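Participant: From TrEMBL, here are the annotated features:
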{"type": "COILED", "residues": "155-186", "note": "coiled coil"}
{"type": "COILED", "residues": "345-372", "note": "coiled coil"}
{"type": "COMPBIAS", "residues": "433-446", "note": "compositional bias 'Polar residues'"}
{"type": "DOMAIN", "residues": "1-264", "note": "domain 'F-BAR'"}
{"type": "DOMAIN", "residues": "338-415", "note": "domain 'REM-1'"}
{"type": "DOMAIN", "residues": "484-545", "note": "domain 'SH3'"}
{"type": "REGION", "residues": "294-314", "note": "region 'Disordered'"}
{"type": "REGION", "residues": "422-465", "note": "region 'Disordered'"}
Amino acid sequence: MSWGIELWDQFDNLEKHTQWGIDILEKYIKFVKERTEIELSYAKQLRNLSKKYQPKKNSKEEEEYRYTACKAFLSTLNEMNDYAGQHEVISENMTSQIIVELARYVQELKQERKSHFHDGRKAQQHIETCWKQLESSKRRFERDCKEADRAQQYFEKMDADINVTKADVEKARQQAQTRHQMAEDSKADYSSVLQKFNHEQHEYYHTHIPNIFQKIQEMEERRIVRIGESVKTYAELDRQVIPIIGKCLDGIVKAAESIDPKNDSQLVVEAYKSGFEPPGDIEFEDYTQPMKRTVSDNSLSNSRGEGKSELKFGGKSKGKLWPFIKKNKGATPEDFSNLPPEQRRKKLQQKVDELNKEIQKEMDQRDAITKMKDVYLKNPQMGDPGSLDHKLAEVSQNIEKLRLEAQKFEAWLAEVEGRLPARSDQARRQSGMYETQNAPSVNNCAQDRESPDGSYTEEQSQESEVKVLATDFDDEFDDEEPLPAIGTCKALYTFEGQNEGTISVVEGETLYVIEEDKGDGWTRIRRNEDEEGYVPTSYVEVYLDKNAKGAKTYI
């Protein structure tokens, strides 16, 4: 089956059909483009939906996500975010592998089609020109034949007329011969042009047009194959993300299966447990006896009518009547005394942890300034050591203030932990990283507090002191261990480490980073096990290992 043979006379229809084929291809490109826009829009809406229901930072919502059911919901939001990402992948792949490729192919197809039909029109024009030449030669031959017949008839008439002179007859005869000769020449020319036209016509219908139409047929079949491949790619791009989407859905199922109602119930207990004992039985008050009635410490009326005297005995009766006491609606006391014991303990422990972190931060800053001052002392050209004294004094004052604040809260914490029922050592939260110098003050505060049964206790403060001493003792040995590498660095410039504690590097050299710049402008590096020191941070380009312990990520 060949268009050149079967459709030799359908030039115009083939031109329309191939244009229709290009229109179909462009329509398919438009369809895929709109599909990618839908995928992007859907992915954007999913991301916005996931973002909308994400817990806000430092809000009450964030605390709610301690519960396993809320964690499962949060996992669902995160998985939906990944799910949206796969739809973005579909859009990107369809754009790059279908839309862009087909758009380029359409341009090539249009150029090829234009070239083939240009050749076809050129062949048509050539055969039409040959046909016009044939027609012209034929009309000239016909005209010359008629003129020769008229000249012959005129000669015969003049030759038969006796009144005509011999000269006129001779003239008529010569005219007739001339016309006959012209007719013969036209006949020969017409025969030659006719043979040429027949040859050209045969070439046109059996060679030129079949070849052109065959190329057009091949072009059209390639277009059809290309559409088929694109449709297949369209399906494959969708299928490629199915495993990942399946993993997202599996993650949601796994999150649902991780929901633990018992654990959530325990979290509720930890969140709202007051630490008080339930009220005891109210004693019967016999008003029939004339003797003075003894009012029970557990009496509700006693707590209302004789509240002033009850304050002396504080702990016991107030603890038992906690459910009936109204909450203070004023400002929150600094020691959180408005909270139940268990909740107060948690708040105080949280405050102590925050203060300890701030103290550690200030101590790191003090160490950095001290290190910088030492560098300035050894290298006066780098800066004035005296300029750092004010900052160093300010940081030291801040540390002292924070330590006093921490000791105050630790004293309150020791009081609360002394009042709470006995717990296991593992459950008891320890505090006091920085109270070794002022441990007696903590003990004195604790000695003035009551235990639930009215006795005094020093166990908590003593235990804290032992913990602190053990911690400081361990830290002295930890410093002797070699620091692990937390990344690598590349020397941007050559540095001559002539002072103690510095190390020389050569431009382009790669070394290990064992301590980041803590604000003093120096980074600690290591070349080998025995060779390490500080170099200016501006002289190196640091690449931290995100998985290394202690490494920080900078954005």
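FYI, residue positions are counted from 1 along the chain as it appears here.
Every residue gets a Cβ built from N, Cα and C, even glycine.
Curation plays no part in TrEMBL annotations; they are all automatic predictions.
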Participant: Counting by DSSP secondary structure, give me helix, strand and coil numbers for the domain 'SH3' (484-545).
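Facilitator: Computed counts for the domain 'SH3' (484-545) are 3 helix, 32 strand, 27 coil.
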Participant: Sort the residues of the domain 'REM-1' (338-415) into helix, strand and coil with DSSP and give the three counts.
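Facilitator: Helix, strand and coil residues of the domain 'REM-1' (338-415) number 72 helix, 0 strand, 6 coil.
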Participant: How does the model score the coiled coil (345-372) in terms of mean pLDDT?
Facilitator: 88
